[in-house]
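Shown next, in structure tokens, is the structure this report addresses.
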Amino acid sequence: MLLAIDCGNTNTLFAIHDGNDWVAQWRSGTDSTRTADEHAVWLSQLMGLQGRSFADITACVISTVVPQALFNLRNLSRRYFKAEPVIVGEPGVRMDIEVRLDRPQDAGADRLVNALGARAVYDGALIIIDSGTATTFDVIAADGAFEGGIIAPGINLSMQALHGAAAKLPRVAIAKPARVMGKDTVSAMQSGVFWGYIDLIDGLVQRLKSEYAQPMTVVATGGVVSLFDGASKAIDHYDADLTIRGLLEVWKLNGGADT
């Protein structure tokens, strides 16, 4: 079985693929100081609840936007799975995607992995929205090349900034308000962040489509993207497994077959 690890700024996703489908997924808060042994204790307990063990894992693929976390994740794979991990972005790791940026090295590992995951399922030109610590909009050409995109603050980051910078504004949960106009501080903050982000998404997608001047499919993924379901007019597909599907594609491109 393949263990795919997607290490983001806020959360790290561990997912197991049995050769046919994803059979387990777990999230933990990203902590670059967590040792390989600490990862192993946590992961072994969760796998044990499903009747699985480390002996089931024969391969590992890792993508991280937190360089400090890589050392311990690599050691987790080496020490406990006896597998040399495929690590996105390292020399010699194939991605098979043309990057049409002025500085191709600026393309983040997570964004390229998302592009591969989307290309495996969707045809034609694409806009991929990934809502995490940052909200990214990535344009994938009809020929599969990474054209560029937009990086905006994430919805959680915006809510935290309101609370942190304004002394009288409380910490509130992100939620879809029943109405746009708030009747108290909490609902006003929720409305500003939620509907502000919906208009950010819909407005930027419209601008990208106008600039690109051809039909495009819009795919959304990320930890909070389910909140937008039914609210955004621009999103065509919500795809929770987009990133780990991309990691599976990376594994296949680099010799992976029987997981």
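Including glycine, each Cβ sits where the backbone N, Cα and C put it.
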*Can you tell which of THR33, THR35, THR58, THR133 Swiss-Prot lists as binding ATP with ASP6, CYS7, GLY8, ASN9, THR10, ASN11, THR12, LEU13?*
THR133
_For THR10 (ATP binding site), the three-state class that DSSP assigns_ = coil
*Counting other CB atoms within 10 A of each CB, which of the binding-site residues THR10, THR12, THR133, THR185 comes out lowest?*
THR185
*Taking the residues ASP6, CYS7, GLY8, ASN9, THR10, ASN11, THR12, LEU13, THR133, which the record names as binding ATP, find the longest CA to CA distance and state it in Å to the nearest whole number.*
14
_Whole-number Å value for how far THR185 (substrate binding site) lies from THR133 (ATP binding site) (Cα to Cα)_ = 24
